[in-house]
């Protein structure tokens, strides 16, 4: 029998116990930081030569030149053509849904004109070039390609450069096919911190990008953190999370499997169930014990649920919503009979899955919204990856002669108050009646 943490929001020490449950040490190992710093410096100063050395060392992939590590469009097309018909259809259907959803996020430029003829506005511009990191080797994450690449393309990014490690030369056809479907422009078979460095600084062969997105291991995360400022990054993601609020109307087996869906990612993933019904919590616990023996990743799930999972009894659904807001989970499932009634109470979550038919796994692959979501309580101030992450906004100011008279006097007064005489004089030069 799996031992799960059981909490009750009525307990005097509930908040302290919940805080301990949510604690996660995201400090990067000093040896990783040191190794990443060395790799970044080498690639920054030595370019292609360093990339080739690290690719041979870490991926066991010797290459005569950095150019030979680039895959041509024909290879991506061949990977797509070689897929089983049902797999290709599923990828294309998912891509279409992701594309249609993200097209709703497009923002355009705008202006307005004041009474004196002054025009103010905002110019929205896509980024020029974006780098996409995709885990490679035996791990197949075609969904990650779609979720990162499609919003960039919808935003109008001119060039999307994907890096994907191929340990021992092992290429993943699903990943390459997804790149073809998503419209990735260039693909390099490099990975790790050296790939992040190549994208951030540019080499003789790999072009420098403006922003790097996509998941990776601890070395990739450390590298992204270090190059931020030279380039933009999407986020530094923590372990996967799911929080389920249930009223007992959803079969216990369904909710148990939903908890598994995040727990199977890794031992640090967090799966929590909130319910005011203690009998239902018992039923889910029993379902967990019954179903876990069927799972290929049972040991990972068991470790995750034992160390970081919890079944929490709440006073009512409103109490559950308040706890959910404090946790600010990556994925929030509302396994309740009336999710619309509960929705106004919820403020902080990466994505909200409403109703018993809406399992989190659908959002991971094909519902349409992005599966790149804030973790580790950052949903309190962060949003899912979207088209807006690949656009930037520039303020527009076109002051008329009449406007310069009013604004010039205001600006000069404030500038003199701050002791910035050149600012003040610059505004005063535009005054026709001084």
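Positions of Cβ are set from backbone N, Cα and C atoms, glycine also.
Feature list (source: Swiss-Prot):
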- 133, 194, 217: NAD(+) binding site (BINDING)
- 240, 262, 265, 331, 364, 418, 423: substrate binding site (BINDING)
- 262, 265, 364, 423: Zn(2+) binding site (BINDING)
- 330: active site, proton acceptor (ACT_SITE)
- 331: active site, proton acceptor (ACT_SITE)
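What Swiss-Prot annotates, mapped onto the structure for a quick look.
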residue : record                 : Cβ contacts under 8 Å, 6 or more apart
133     : NAD(+) binding site    : 162, 163, 164, 191, 195, 196, 199, 212, 213, 214, 215, 216, 220, 224
194     : NAD(+) binding site    : 39, 42, 43, 50, 51, 54, 55, 58
217     : NAD(+) binding site    : 135, 192
240     : substrate binding site : 262, 265, 266, 269, 270, 330, 331, 375
418     : substrate binding site : none
423     : substrate binding site : 411, 412, 415
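Within 8 A of the CB centroid of the NAD(+) site residues 133, 194, 217, the other residues of that chain are 163, 165, 191, 192, 193, 195, 196, 216, 219, 220, 223. Annotation note: residue 423 (substrate binding site) sits in a helical segment as assigned by DSSP.
The Cβ of 265 has fewer other Cβ atoms within 10 Å than any other of the binding-site residues 265, 331. Each of the recorded positions 330, 364 was scored by the number of other CB atoms within 10 Å of its CB, and the largest score is that of 330. Largest Cα-Cα distance over the residues recorded as binding substrate, namely 240, 262, 265, 331, 364, 418, 423, equals 56 Å. DSSP assigns residue 418 (substrate binding site) to coil in the three-state reduction, outside any helix or strand.
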